[in-house]
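Engineer: Following this message is one structure expressed as structure tokens.
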Amino acid sequence: MGSLKKDGEIGDEFTEALLYVNGVRRVLPDGLAHMTLLEYLRDLGLTGTKLGCGEGGCGACTVMVSSYDRKSKTSVHYAVNACLAPLYSVEGMHVISIEGLGHRKLGLHPVQESLASSHGSQCGFCTPGFIMSMYSLLRSSKNSPSEEEIEECLAGNLCRCTGYRPIVDAFRVFAKSDDALYCGVSSLSLQDGSTICPSTGKPCSCGSKTTNEVASCNEDRFQSISYSDIDGAKYTDKELIFPPELLLRKLTPLKLRGNGGITWYRPVCLQNLLELKANYPDAKLLVGNTEVGIEMRLKRLQYQVLISVAQVPELNALNVNDNGIEVGSALRLSELLRLFRKIVKERPAHETSACKAFIEQLKWFAGTQIRNVACIGGNICTASPISDLNPLWMASRAEFRITNCNGDVRSIPAKDFFLGYRKVDMGSNEILLSVFLPWTRPLEYVKEFKQAHRRDDDIAIVNGGMRVFLEDKGQQLFVSDASIAYGGVAPLSLCARKTEEFLIGKNWNKDLLQDALKVIQSDVVIKEDAPGGMVEFRKSLTLSFFFKFFLWVSHNVNNANSAIETFPPSHMSAVQPVPRLSRIGKQDYETVKQGTSVGSSEVHLSARMQVTGEAEYTDDTPVPPNTLHAAFVLSKVPHARILSIDDSAAKSSSGFVGLFLAKDIPGDNMIGPIVPDEELFATDVVTCVGQVIGVVVADTHENAKTAAGKVDVRYEELPAILSIKEAINAKSFHPNTEKRLRKGDVELCFQSGQCDRVIEGEVQMGGQEHFYLEPNGSLVWTVDGGSEVHMISSTQAPQKHQKYVSHVLGLPMSKVVCKTKRIGGGFGGKETRSAFIAAAASVPSYLLNRPVKLILDRDVDMMITGHRHSFLGKYKVGFTNEGKILALDLEIYNNGGNSLDLSLSVLERAMFHSDNVYEIPHVRIVGNVCFTNFPSNTAFRGFGGPQGMLITENWIQRIAAELNKSPEEIKEMNFQVEGSVTHYCQTLQHCTLHQLWKELKVSCNFLKARREADEFNSHNRWKKRGVAMVPTKFGISFTTKFMNQAGALVHVYTDGTVLVTHGGVEMGQGLHTKVAQVAASAFNIPLSSVFVSETSTDKVPNASPTAASASSDMYGAAVLDACEQIIARMEPVASKHNFNTFTELVSACYFQRIDLSAHGFHIVPDLGFDWISGKGNAFRYYTYGAAFAEVEIDTLTGDFHTRAADIMLDLGYSLNPAIDVGQIEGAFVQGLGWVALEELKWGDAAHKWIKPGSLLTCGPGNYKIPSINDMPFNLNVSLLKGNPNTKAIHSSKAVGEPPFFLASSVFFAIKEAIKAARTEVGLTDWFPLESPATPERIRMACFDEFSAPFVNSDFYPNLSV
């Protein structure tokens, strides 16, 4: 521990370092400088704070930090990412985690209660982070926050389950901004329509006035609830105050140590800092650790001396004077944002143009948690070439004031500060003291620019800062001075100096614009092999940004000088910002109650545990004594022969216990869910980057990772296949995977002249990362002297874990038990690819007879566990001049990766769904699974169905283009009908497609929306809108017949409560809740009397994975079967007496020695498709749906937003409408990510700047799932009414996967908008658009004068497929 000596140096005398956690005083020992706040909290047992990514990108680790501001003499509260915050950075502060709010026993905090009641928690892994972000906003706000502030505070939190709408609704009530918030149409903005339901007493949307067996949820009928309904009346605990001890405590310097020789210093004055810098010139200075922490964790960089400058007053100084504003380099970005907002309100408008630009740029800079700790100086001195702020400092005439260890101060213009890649004009004996920003002058304008993959919390692709100072010379304006700065175009932020020089002295008119654009092309040169790729896109953005700047300046000066040459009004949309509107939504459904619970919108059974952080996940399980931690040794090349494995360096690593390889496996090394075609540990050859070679165990997780990194593997590299097309050319297919489907006679149809027209083409689509918030993990231990093995795993398929471990260890399955309580999201990614993780951990556990815990880091999880398959479809389609489809000839390929896994089944479902909802008389489909040198791809929501349907919808769009008709017209004339026979010989029954489509078309007012989009497009050159409607038909069942079985175990206890155990896994989809509702209604008891226990292989054996959307059908039916068995046994007793309660009946049966336990079983009937004959039912039934979407794109940048989405599904009589609506919304937003945001970038021929076979996008920093700002502005969900499904339990239908594909409506709406943009330049022919439609693809498809210098009109960006 350290204190400040009289001579100003930090000494080694002990002084107590401390912090408060949830009101409890904690003394911090020396030796923890390597530890993050998250690790510390979880070591304390406060596991409600989750590790989702470890890089501050997901928000699952959010906590609130309170500190005392000695300037204002007040305590301040702010949200931080605990995964990045060094433990010692919060010394002397108060940390409040989710456990510090409310809990089930003493009452929930209003924020927790609201989220739980609003169905805002599904898997629950992200939930504590969202709650802490909202709680921090409330604690830090003097007044009720606005709706915009609420959504802004959540920008740093990701959710993969809900689609965000219920979260926004839950928190919006705290704005208290509108009395009509939950009362229908608001005077301020449309809201969601939640009400207190008289049937349940909980928030829903039914609007019903009475409790009926059948009630209709209708957006036109609302019952008011107010803030007081969730104001915490049941919350008996008190808010934690800022500890008085910390108010009085003097701030002292610190010197603390940590593992690996790290020393942490905290100086509290500038002089002390300069002395430390003189002694340790290579020390890393930090405030928030948002950059250094990632470098140390992901890049494994080692820094021996860390100096926290957050508490140095001189670096936090503010000085506002007549010339400008000077801000200290340690000032946090959130403080800078508040400061600029205050200045804009107080200073004359002409002085604050730069301040306004910074405000706009900071809005989109990272998330709130990062802005709360990241500082100005860190962002500047890191000198990232894609820094959002540095180009603005450069353009704004800012000066950086630098001091050396002697106290000498110098100033340097920001535009001269950056010398090269992460190199600045500052010596090792210097630090950045402050930044001076001058006021802008009359006729001086500063503007910010940024284009990223995602608006919220994303790094820039290209950004910029631009300034012009105009001089009024009568009827003309001349450029007196100019700055044009870009980021993302070179190894450093740079000024386009030739362009600046060219502009000065010129008349500000359209001729200058055209000439300047030519100069920029030669001034800003991006090399063709530049890291980051997207070269043509980035080049075009440099011109687009300048054009936008020129328009913006011209618009601003036009009112003051009418002589300025004006642009047409249609151009001005180019400078209008993306609106940040409140997200709203409505839900419309009928409630058909069956018994006490089925049909009711019951809240997720675990919701209250999840909102309090009490719900346990695999990594939260208390570890047994003597537990070891494991980490993988992974291949670093895509295809190679292993020459040697040297673990000598690992053996000397701290905490190392052992390295286990294939030779150590006691059982069989070959594994696989269907075909055992992959090795658990590679022996002679590796076939992908990330293939497991062995597993290291050590005393801690970090030590295991460090030791694994020291294992030296030498290779002889071999040729690698890195795309589907490379596989096709090399005939590289997995054995026995060619599949064929046939209907009618395709060749005869094409040759006979029946087809008026024939089109041929290709459709490519990329893969998708599951991005479940909880990474994969297992805890394995031995029992009874090592003769049995038990495990807790994050998996959708405990039986597969049991089977893999049994197989690898050579044990009978009866001696292996796998348990799963809940998982933090799965989406198919934990169906099979999680099993090898448990198997790998079981080897050292079994051999050492010690518990072993293996939790994957986010980057490793994304790299090795597989993704949604990328696909290639080659089609030939014949049709009439009217648009009637006659024939489809389709070759379809998926990228299986280096093992088969489930790729064949995925391919088969894609082939089944390649008709989508269309009647096609003649069909021939041939499918193949490609072997490539990538990690094996696997199941993902939809399981190939979305890929097959997306291929179909692409050629449907092309038919429409060929015939100059709307796509909707082509769809409607080709819809399947009741009795239609598919190309796999299944007859459609209870087909509700037409009814559903018609109702949606009316409710979304599609024709009006299209007219309005056309009208908008005619008046706006650079913004375009598009609308689209898409249908879906999703088959329900496993396509492998034997998997359509389910078991359950039901116990009735003498107190009248019921315990249910079944083979399905709760992963947020509400399966346990629905199953409990089935049991409650069966016994006619309250839902609170039913408890669903963990999924365990020793309770229900041989369970199929929780997948295929069929779990509610199967396990609900199995539970009902068990309940009915018990009811039948109880009936003789019940018929003889009138019992007042179920408990009385149970007690009587017990005394009559009646068995109150039953095993239920369900077999899905009438299934079994024969691929040889091409006959048989592949599915039990279909879930039909349709969606409408309206989007707006910025043709100059490729940015887009979804203005509206309306979704309608036929779910029969829903078991739980609220849960089903949540599944629909979540699937839609996840699908939106697939078609428009999420792009996997691999090292392949298309991305040569990435190491071959390696995944670049292996974390939230580079891979962008939708954030709260990406959900549609208006998201409406309706369930078709009055259509019970006779083929599933209680007339319901499956919901998990069917809505996913409906997000393609956004994709095709984008394409319609692009079509409008291309029409502006005379490009009216059909054009391909690959998925995902990222900003790069959108912008480059909108060919214009700003992209023409770099590409032709038929240019399409590369895609990893």
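Residue numbers in this text run from 1 along the chain shown.
Positions of Cβ are set from backbone N, Cα and C atoms, glycine also.
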Engineer: Per Swiss-Prot, what member of GLN796, GLN976, GLN1077, GLN1152 joins PHE827, ARG941, ALA1108 in binding Mo-molybdopterin at one site?
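Structural biologist: Within the candidate list, Swiss-Prot flags GLN796.
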Engineer: If Swiss-Prot gives GLU831, ARG909, THR1039 as binding substrate, which of PHE871, PHE943, PHE1083 does it give for that site as well?
Structural biologist: PHE943
Engineer: If you count Cβ atoms within 10 Å of the Cβ of CYS159 ([2Fe-2S] cluster 2 binding site), leaving out that atom itself, what do you get?
Structural biologist: 33
Engineer: Within the same chain, and leaving aside GLU831, ARG909, PHE943, THR1039, name every residue whose CB is within 8 angstroms of the centroid of the CB atoms belonging to the recorded substrate site, in sequence order.
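Structural biologist: Here the nearby residues are GLY828, LEU902, SER905, VAL906, GLU908, ALA939, GLY944, GLY945, PHE1038, ALA1107, ALA1108.
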Engineer: Suppose we draw a 10 Å sphere around the Cβ of LEU432 (FAD binding site). How many other Cβ atoms does it contain, all chains included?
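Structural biologist: Result for LEU432 (FAD binding site): 25 neighbouring Cβ atoms inside 10 Å.
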Engineer: Can you tell me the three-state DSSP label for CYS375 (FAD binding site)?
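Structural biologist: Note: CYS375 (FAD binding site) is in a strand by DSSP.
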Engineer: Cβ within 8 Å of the [2Fe-2S] cluster 1 site's Cβ centroid: which residues qualify beyond CYS53, CYS58, CYS61, CYS83?
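Structural biologist: Apart from CYS53, CYS58, CYS61, CYS83, the close residues are LEU38, LYS50, LEU51, GLY52, GLY54, GLU55, GLY56, GLY57, GLY59, ALA60, ASN81, LEU84, GLY129, ARG858, PRO1260.
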Engineer: Once near-sequence residues are set aside, which residues in the chain of CYS375 (FAD binding site), 6 or more away, have Cβ atoms under 8 Å from its Cβ?
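Structural biologist: Set apart from CYS375 (FAD binding site) by at least 6 residues yet with Cβ under 8 Å, we have VAL287, GLY288, ALA310, SER329, ALA330, LEU331, ARG332, LEU333.
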Engineer: Please give me the recorded positions out of GLY378, PHE943, THR1039, GLU1297 that lie within 10 Å of ALA1108 (Mo-molybdopterin binding site), comparing Cα atoms only.
Structural biologist: PHE943, THR1039, GLU1297
Engineer: Write down the Cα-Cα distance for PHE827 (Mo-molybdopterin binding site) and CYS123 ([2Fe-2S] cluster 2 binding site), rounded and given in Å.
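Structural biologist: About 11 Å separate the Cα atoms of these two residues.
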Engineer: Please give the Mo-molybdopterin site's span as the largest CA-CA distance among GLN796, PHE827, ARG941, ALA1108, to the nearest whole angstrom.
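Structural biologist: Largest pairwise Cα separation, rounded: 12 Å.
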Engineer: Summarise the domain '2Fe-2S ferredoxin-type' (15-101) as counts of helix, strand and coil residues per DSSP.
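Structural biologist: Across the domain '2Fe-2S ferredoxin-type' (15-101), the residues distribute as 14 helix, 31 strand, 42 coil.
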Engineer: Hey, for the Mo-molybdopterin site built from GLN796, PHE827, ARG941, ALA1108, who else sits with CB inside 8 A of the CB center?
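Structural biologist: Result: GLY826, GLY828, GLY829, GLU831, ALA939, PHE940, PHE943, MET1067, THR1106, ALA1107, SER1109, GLY1296, GLU1297.
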Engineer: Give me the CA-CA distance between PHE943 (substrate binding site) and GLN796 (Mo-molybdopterin binding site), in Å, as a whole number.
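Structural biologist: Checking the Cα atoms of PHE943 (substrate binding site) and GLN796 (Mo-molybdopterin binding site) gives a distance of 14 Å.
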Engineer: Cα of LEU432 (FAD binding site) to Cα of GLU831 (substrate binding site): how many Å, rounded?
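Structural biologist: So the Cα of GLU831 (substrate binding site) lies 51 Å away from that of LEU432 (FAD binding site).
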Engineer: Looking at the binding-site residues listed here (CYS161, GLU291, PHE827, THR1039), whose Cα lies nearest to that of CYS83 ([2Fe-2S] cluster 1 binding site)?
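Structural biologist: Its closest listed neighbour, by Cα, is GLU291.
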